[in-house]
Every structure is written in structure tokens, then in C-alpha cells.
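For reference, the structure discussed in these notes is given below.
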Amino acid sequence: MERNERSTPVPGKEKEVDIINIKGIEDIGYVQPDSILLNCLTPEENTGCQHGLYFQDGERRVDYILTYHIKKPSSSRSNRQSSRFTDNAFTRSLRRGTARLGRAPPPQPRGDPEVASQDHSMDYHVDDKRLHREEFEGNLRDMGIELEKDEDTKTPGVGFVKIHAPWHVLCREAEFMKLKMPTKKVYEMKQSTGVGAKINTLVNKVTEPLYPNVEDNRTHNVKHLSYMFSREKQHLFDLSDRDSFFDSKTRASIVFEVLKRTKCTKAKYSMGFTSLLGSGVYTDAYPLHDGDLDGENVEPNDRKLLYEEWASYSVFYKYQPIGLVRKYFGEKIGLYFAWLGLYTQMLIPASLVGVIVFLYGCATVDDNIPSMEICHPKNNITMCPLCDRACSYWKLKEACGTARASHLFDNPATVFFSIFMALWAAMFMEHWKRRQMRLNYEWDLTGFEEEEEELKDHPRAEYELRVMQKSLKKEHKTQKNPTEIAEETTNKWKQTVQSAMAGLKLTEKEKLTCRDRLPAYMTNVVMMLLMIGVTFAIVFGVILYRISTKTALHMSNNPTTRSNVRLTVKTTAAIINLVVILILDEVYGAVARWLTVLEVPKTDKSFEERLIFKTFILKFVNAFTPIIYIAFFRGRLVGRPGSYLYVFESYRMEECAHGGCLMELCIQLSITMLGKQLIQNNLFEIGIPKLKKLIRYIKSKRRSFQEEEREKKLQRYETDHFLEPFAGLTPEYMEMIIQFGFVTLFVASFPLAPLFALLNNIIEIRLDAKKFVAELRRPVAARAKDIGIWYNLLRAVAKVAVIINAFVISFTSDFIPRLVYQYMYSPDGSMHGFVNHTLSYFNVSNFQDGKEPMDPQHQVEMCRYKDYREPPWSNTPYVISKEFWAVLAARLAFVIVFQNVVMLMSDIVDWLIPDIPKDISLQIHKEKILMVELFMKEEQGKIQFIDSMMPCGGKEKRNNHAPIARSRSIPHTHSHTHANNF
């Protein structure tokens with residue numbers, strides 16, 4: 001143990017390489033004498049190994065798995081292959097190291113005709129990877145890690161390296177990582193008293209059936225005092241059961257930290273763990289799940305408990321066991337599900353208010369005067385044609401259905417609902433900050449700083465490769481410089497040492513600058529603009545589809561088809577938009593990842609943030625561009641009869657229905673939102689993982705081993721190998737952020753959006769839970785205090801939602817024109833005559849040649865159209881009237897007032913609700929006091945122990961020093977007193 005700890009590098013000290021402590025490359029073997037062979041025995045199924053959760057001895061638990069590709073030898077060569085792997089490992093490693101230094105390799109052992117007959121290039125690559133594995137595994141053993149190999153599995157072509165971290169390694173790394181662990185000290189948590197406590201007790205009794213049957217989810221009155229683990233202070237912790245002190249999640253994260261810190265340094269350039277994965281030396285790396293989900297004689301484990309109490313659809317009405325989720329998957333994933341659960345809970349009041357607003361619209365539709373005037377049988381207003389030539393004049397009462405449906409979403413209650421949803425978003429943000437702080441306290445993250453975690457964030461494999469290529473180019477240019485060729489001969493020994501040390505000091509010598517990334521940045525800008533342009537082009541194509549389809553349907557001889565033109569065009573166009581959005585979402589996700597890879601970010605955190613930003617921009621534009629067009633541009637770039645605006649000189653820009661574009665906006669929003677949730681969020685999440693699992697199943701040729709599998713159960717690490725790798729939380733967060741946009745951005749046009757989001761999220765939580773527990777490999781636990789950049793995106797969407805809803809109410813709906821008419825132009829202060837007030841006159845004789853209806857059904861002289869323009873008999877015919885400017889001024893004034901009032905109210909909510917709950921603040925302060933008291937008692941105990949062990953003379957000598965110390969402090973105190981007096 002001492003030798004391993006002495007040679008273990010301390011995290012954060014890699015830049016200060018001490019050449020004295022580095023063994024000469026000639027003297028280092030790849031295989032150490034005390035661990036010459038990793039266990040390659042055939043695995044035996046027994047109860048001790050518990051199907052792959054332990055080493056062959058049945059005692060050491062498997063904390064992590066590395067897989068690599070192997071070429072299955074034939075039976076005639078198996079013995080020679082095994083012998084060559086063990087006996088010649090040192091010879092090959094020595095030959096590899098000396099070759100890198102420019103020396104002639106030692107003669108290769110003879111008597112291996114199979115190797116000589118193989119393809120030389122393929123053998124070189126296979127042997128090169130094997131050498132890297134042997135060196136890396138040897139370095140892991142030097143770090144104290146214990147390994148065991150298994151190549152005789154039922155998964156052909158895959159070898160497994162089982163990794164176990166012994167106790168001393170766990171203690172050392174836990175101290176390096178500053179992990180907080182529970183101490184023996186237990187304190188009672190302060191409980192509220194008075195009326196609040198009684199109400200809380202009553203609520204807990206009522207909601208008792210909603211809690212899962214999980215011990216970690218119960219509220220406890222006592223809590224263990226936590227402290228950063230230290231080997232010098234092991235007496236503070238309860239180490240009676242060392243096997244369970246570090247749980248499986250913590251053990252896996254510790255091993256992962258060791259893997260990231262271990263490097264292959266014998267080559268000219270160092271290769272870290274991520275580089276080994278990227279170059280194919282290892283194919284996969286993952287921790288194991290705790291056990292099976294179902295089957296005979298399955299032992300109880302956290303995974304099985306999560307599957308029953310969290311991932312089952314039968315418990316959809318229960319709270320999530322967030323504590324157990326964090327214990328099994330780590331804080332980062334625990335925070336995601338805690339946020340998703342809180343978001344879903346907050347959707348309940350929003351859904352109730354939205355349903356009430358919708359029901360209010362249904363109840364008042366018969367009392368709505370404008371729709372009553374449109375639907376009145378005596379209404380004989382003739383409207384101008386909706387398209388050129390093919391369309392004829394039509395009666396306003398034909399729009400009765402559209403007008404009545406528009407009132408369901410365009411009524412005074414929607415204004416209240418928009419204000420409510422803006423305040424709801426602010427309260428949701430504040431509630432989450434408080435919930436997040438409470439979780440930080442419960443999960444012992446109050447002293448955790450993410451800056452420390454970022455310092456330990458190791459470079460990505462792609463970054464190391466680019467830096468290596470940059471160094472090679474510089475070295476190549478230097479070697480070609482004739483002025484330095486002479487210096488190379490004189491400083492040959494110096495260059496040899498530098499090349500040997502280049503891998504160790506690669507990161508601090510070279511790094512990628514903005515100049516290196518400039519082509520990637522330019523490509524990013526151009527591609528992002530191109531993708532956004534593609535979205536706009538597709539929206540424009542759908543516009544042309546609507547215009548041409550409407551004209552074609554108006555030319556139909558079927559009266560039913562002609563009467564349902566608007567509904568048919570709206571619905572089919574919305575479905576086309578949905579299909580395009582679903583396809584482009586996948587394309588944009590791949591493009592965003594490709595662009596991020598081009599930038600070569602240094603760390604995984606930087607890569608994730610850049611990827612999130614690009615994906616959010618592209619997917620947000622893709623999802624909301626058609627909706628924004630309908631809300632703010634459709635029907636405003638039309639022109640007027642006799643002077644319409646045309647595209648390509650033949651397509652007349654489309655108009656809104658008489659009830660306004662709000663109904664069409666509602667149709668587009670509902671189809672897009674429901675389609676994305678049902679198809680993309682649910683069907684894709686269920687179908688794609690199963691499809692990928694089936695593909696891996698076929699590729700692995702496991703079908704030929706089905707008979708053997710019936711007789712012999714797969715090991716745990718083999719079963720997990722066929723699960724889908726964890727790809728991060730970005731897709732999960734992204735779909736929820738887009739949904740949050742649907743709920744808040746255009747909620748004035750679709751009050752039922754929160755209800756549909758609630759129903760989707762109830763399924764989404766259990767679907768994601770089942771995916772994490774049963775369909776995905778277990779991810780490495782990651783610590784986090786918050787949800788990161790996603791919170792900033794949520795705040796940005798909530799702020800933009802206030803502005804967009806102000807414009808939707810003001811410009812898309814008829815709310816402002818109705819108010820202006822009622823208080824400025826109505827003779828009796830009612831809405832009677834509002835429809836006639838919004839319609840202008842047009843003389844049909846002023847149609848352009850070739851634009852009038854071919855077969856007019858009505859012989860008219862005047863037709864009406866929705867706009868504020870002067871009549872044809874005025875001195876300035878068809879000029880915008882003063883009513884238009886009055887309505888426009890009122891609309892702009894409403895936007896300004898609505899935006900400022902709602903944002904002020906949101907800021908007041910933010911100010912009134914503290915970010916940290918008062919009880920949590922008191923408990924954190926109490927923990928600090930208890931920790932100080934604990935260490936004071938420890939110091940007093942040490943002093944008493946020293947006093948008891950020292951002889952009497954030693955005590956007197958030590959006591960004699962005390963007055964001296966006090967006397968030295970007296971003048972210092974007096975000097976301060978005199979200074980204060982002056």
C-alpha cells in the first residue's frame with residue numbers, strides 16, 4: 001500500500017512534473033512482477049459472484065467496467081495465444097518504448113509463424129492497442145486499483161476488464177475529491193411550531209398515500225452531521241461497515257476520477273483515458289447496475305426498488321423518491337427529476353386556471369355580440385373574394401363557425417390568463433430556487449463549489465488529439481528549418497529527453513487558440529445562418545402551399561369541399577409544419593453536435609454548454625417560426641382589393657379569417673405541441689432505444705448463443721453492455737424547455753397548453769424513469785448544485801413570454817379594437833355595430849384586369865373587406881383612415897403598459913420570496929456551530945490525553961510557557977487600547 005500511495009500523483013499537480021521521481025523509460029516494464037497477469041480464467045457461475053457483480057473470489061465488488069475488442073482465436077491457437085500474451089508482454093512493451101526513442105528494437109522472439117502470416121498493418125494496430133491497454137492497466141495497478149479480465153464470455157468479440165477500488169484507494173480519492181460523508185454526530189432538526197406545524201401535520205396525513213414506499217423519502221427529525229472525508233479524521237466517521245460506507249454510486253465516481261487522471265506516457269505523446277476510448281483502445285466504459293429488475297430469487301436492491309416505486313406507470317400519482325434517485329444516479333440526475341417534478345406540480349394550478357378560462361369562453365360564446373352579428377340570419381354583408389379569379393364573393397355569415405370558435409380563445413379572460421401565467425413563471429422560478437437550496441442542504445452540497453469541480457475537469461480526447469497534431473506540425477516545421485538542423489545534432493540528447501517528456505507536459509506547452517479555432521468559428525456562423533435560412537425557406541414553402549391549395553379547392557365542383565376550404569388548408573398546413581419540425585429537429589441536433597465538435601472545446605462542461613446553446617437556438621427557431629409568422633405577419637402584408645401584394649407575381653399573400661388569425665394560431669400551436677409530445681417525446685423515446693438495442697443484439701451475433709444462454713445466465717457486466725449508453729441530460733432538458741415555451745410564449749392564444757403539458761409530463765416522468773432504470777447503462781454520478789445553463793434559458797423564455805403575449809393580445813387578437821370601438825366610437829357604449837365598424841368598402845369596378853372572379857355567384861357593386869380604410873366615395877379613397885391610427889396607438893400603448901406592469905409584478909414576486917427558506921438557513925448555521933463544537937471537543941480531548949501521558953515535570957514546563965505567551969500578548973493588547981483612546 002505504501003508503494004502505491006507514494007507513486008500516486010496528487011490531483012491538480014500534473015503540470016509540475018518532477019523528473020527525478022520519473023523512472024527511466026528503459027527501466028519500466030508494462031507488467032509488474034507482483035501482478036504479472038490479470039485474471040483471464042473462465043468465469044464460473046456461482047452465488048458468490050452474484051452474476052458478475054463481484055470478482056471471482058466473490059468478495060471484491062466490481063466498481064467499473066472497461067470493454068475492448070478482441071479477435072476470438074481458433075481452438076488450435078488458443079494455447080499459443082495465451083502463452084504469447086503472458087510471456088512476451090514485457091518484451092513487446094520494451095520494444096515499443098525503445099522504438100519510440102529512436103532505438104533499434106530487440107530481436108523479436110521466434111517460433112510464432114501465425115503472427116508472421118498475418119497482415120502486417122492489422123497486426124500492428126491490434127498490437128499497438130494491446131500495448132496501450134497493458135501500460136494503462138499497469139498504471140492503474142500502480143495507483144492501487146485492482147483489475148480482473150474476462151475474455152471468455154458469451155459476448156463474442158468483447159473483452160471485459162473488471163475494476164475494483166480497495167478501501168485505501170477509496171479513502172485517498174475521497175479526500176482528494178473533498179467528498180462530504182456523514183459523521184457519527186447526529187443532531188435533531190428544528191421543527192416548526194404553532195399553527196404552521198399543525199397545518200403541515202394535517203397536510204402530511206392527507207398526502208400520506210402519495211408518498212412512495214421508500215425509506216429515503218420519509219422525513220426524519222434527525223440528521224447526520226457531514227464533513228469532508230479525511231484519512232486523519234477517520235474516527236469522526238462510522239466505519240463499522242466499510243462495505244457500505246461508500247455506496248456503489250460513490251465508488252464508481254471515485255474509480256472514474258482515477259481513470260481520468262491516469263495516462264499512458266511511454267509513447268511520444270501522452271494518452272488520457274478519454275483518448276484511449278476515442279482511439280478504440282477501449283470500446284466502452286461504464287459502472288454496473290446494482291442488480292436485476294425481475295426474475296426468480298432476485299435480491300432486493302436500489303435498482304429494483306426504483307423500478308417498482310418510480311419507473312412504474314401504476315404509481316403515476318405518487319411523488320418521486322428523489323432521495324433514492326440521487327443515491328443511485330447522483331446529484332445531477334437527481335436535480336433534473338426534482339426540477340421536472342416541481343415543474344409538473346406547478347402545471348396543476350396553471351392547468352386549472354386555463355380550463356376555467358376556456359370554459360368561460362364556452363359559456364359566453366352565445367352572449368358575444370360580434371359573433372352574434374356575424375351569425376345573424378339577416379346579415380347580408382357581401383365580402384370580397386379570398387383569391388383571384390377562382391374565388392367568388394361570399395357572405396359574412398359563412399364565417400359564423402370561425403367567429404364562434406375564435407371567441408373561445410379570444411375573450412377578456414385570456415388577458416387575465418396571460419398576466420397569471422407571467423406571474424406563474426416568476427413563482428415557478430422562485431419556488432425552484434428554494435427547492436434547489438433545500439436539496440443542497442439535504443444532499444450535503446452547501447459547501448460544494450463547482451469551480452473546484454471545473455479545475456478537475458480533464459481535457460477531452462478530441463482536444464488532446466488536436467493539440468498533439470498542432471505539436472507535430474510545429475515539430476515538423478522545426479525539423480525542416482536548415483538553421484536548426486545543426487543544433488539538432490549537437491542537442492540530440494536534450495531532444496530525446498524532451499520528446500520523452502512531451503506527453504507529460506503537452507497540455508501546458510500547447511493549447512488551441514482563437515486563431516486555431518477561427519475556421520471552426522466561421523463555419524459555425526455560416527452553418528447556423530444557413531440552418532435558420534432553411535427554416536425560413538420551409539415556412540415560406542408552406543405559405544405557398546396554403547395559397548395554391550386554397551385556390552385549387554375553391555375551383556372544386558364539390559360544394560362540401562368549397563365550404564371547408566379554410567379548415568382543410570389550416571389543418572393540412574399545420575400537419576406539414578409538424579412533420580417538417582420533427583425531421584429538422586433531428587437534423588439540427590446532429591448539425592449542432594457536428595459544429596460543436598469542430599470547435600474542439602477543451603472540457604466536457606464547455607462542450608455541453610456550447611452544444612446546448614446551438615441546439616436551443618436551432619430547435620427554438622424551428623419550432624416557433626411558423627407560429628410567429630401566423631401570429632405577427634400573416635394578414636398584415638396583404639394589401640387591399642385592387643392592390644394586393646403578390647409573391648412571384650402570381651401568388652397573392654394570404655389573409656386571416658374575419659375572426660382574426662388567433663384561431664389559426666391556436667390550431668397551429670395545438671397540433672405542433674401535441675404532435676411533438678406524442679411523437680417525438682414519447683414514441684421516439686420508447687422506440688429508438690429499443691431499436692438500437694435490437695441492432696446491437698443482432699450485430700453481436702447473440703442469436704447463435706441462445707441455447708447456451710438458456711443454460712447459463714449472462715453476467716451483470718454483459719447484460720449492461722447491451723444497454724443503451726447514457727448520452728447526457730441535454731435531450732431531456734431540451735424537450736422540456738421547448739414545452740415551457742409552448743406553455744408560456746403563446747398562452748394567450750391557447751389556454752389549454754398547460755393542461756396538455758401536465759398530461760404529457762405525468763407520462764414523461766415515468767417514461768424517463770423507466771428509461772434510466774431499465775434501458776440505459778448506469779451513468780457515472782456527477783455532483784452539481786443547480787441545473788446550470790438551463791435555469792438561465794428558463795428565465796430568458798419567461799421574460800420573452802411577457803413581451804410576446806403582450807403583442808399577441810394587442811396585435812393578433814381583437815381585444816384592443818373592441819376596447820377602442822366601445823369607448824371611442826360606439827354610440828351607446830356597447831359592442832353593437834363593431835363588425836360593421838371594422839369592415840371597409842370596395843368598388844368591384846376597381847379590380848385589376850384579370851383579377852376579378854371568373855364566375856361570380858353574386859352580382860354586386862360593393863364588397864367589404866376587413867381593414868380601416870376610407871370608402872371609395874371619399875376624397876381619398878382606400879387611404880388608411882384615422883380609426884386605424886387610433887387602434888395602432890392603443891395597441892402600442894397596451895404593449896408598453898402590459899410589459900412593464902407584468903415585469904414589475906414579477907420582480908415584486910421575486911423580491912418577496914426569499915431564495916433560501918428560513919428553516920434551511922437556520923439549519924445550515926446550526927451545522928456550522930455543531931462542527932466547531934465537535935472540533936473543539938476533539939482538541940480538548942487531545943490536550944487531556946497529552947496531559948495524562950506527560951510526567952509532572954513536563955506539565956510544569958508546559959504551564960510555565962503559558963504566562964510567557966500571555967505576557968507577550970499583553971503589550972499588543974495595550975497598544976490597541978491606546979490607539980483607540982487617541
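Every residue gets a Cβ built from N, Cα and C, even glycine.
The average pLDDT the prediction assigns to the domain 'Anoctamin dimerisation' (54-322) is 76. TrEMBL lists 54-322 with the feature domain 'Anoctamin dimerisation'.
TrEMBL lists 325-927 with the feature domain 'Anoctamin transmembrane'.
Residues or ranges marked as region 'Disordered' by TrEMBL: 72-119 (among others).
Here TrEMBL flags 958-982 (among others) as region 'Disordered'.
Annotation source TrEMBL lists transmembrane segment at 336-360 (among others).
The transmembrane segment feature in TrEMBL is assigned to 413-429 (among others).
Sequence-distant contacts of the transmembrane segment (525-547) (same chain, six or more residues past either end, CB-CB distance under 8 Å): 387, 569-570, 573, 576-577, 580, 584, 588, 591, 595, 614, 617-618, 621-622, 625-626, 629, 647, 651-654. Taken from TrEMBL, the feature transmembrane segment covers 525-547 (among others).
TrEMBL lists 567-591 (among others) with the feature transmembrane segment. Sequence-distant contacts of the transmembrane segment (567-591), counting only residues of its own chain at least 6 positions beyond either end whose CB sits under 8 Å from a CB of the stretch, comprise 527, 531, 534-535, 538-539, 542, 545-546, 549-550, 553, 561, 615, 618-619, 622-623, 626, 664, 667-668, 671-672, 675-676, 679-680, 731.
Annotation comment: TrEMBL describes 611-632 (among others) as transmembrane segment.
TrEMBL lists 736-759 (among others) with the feature transmembrane segment.
The feature transmembrane segment is assigned by TrEMBL to 793-816 (among others). Sequence-remote contacts of a segment are chain residues at least 6 beyond its ends whose Cβ falls under 8 Å from one of its Cβ atoms, and for the transmembrane segment (793-816) they are 370, 410, 412, 414-415, 418, 421-422, 425-426, 429, 612, 616, 631-632, 659-662, 665, 737, 740-741, 744-749, 838, 887, 890-892, 894-895, 898-899, 902-903, 906.
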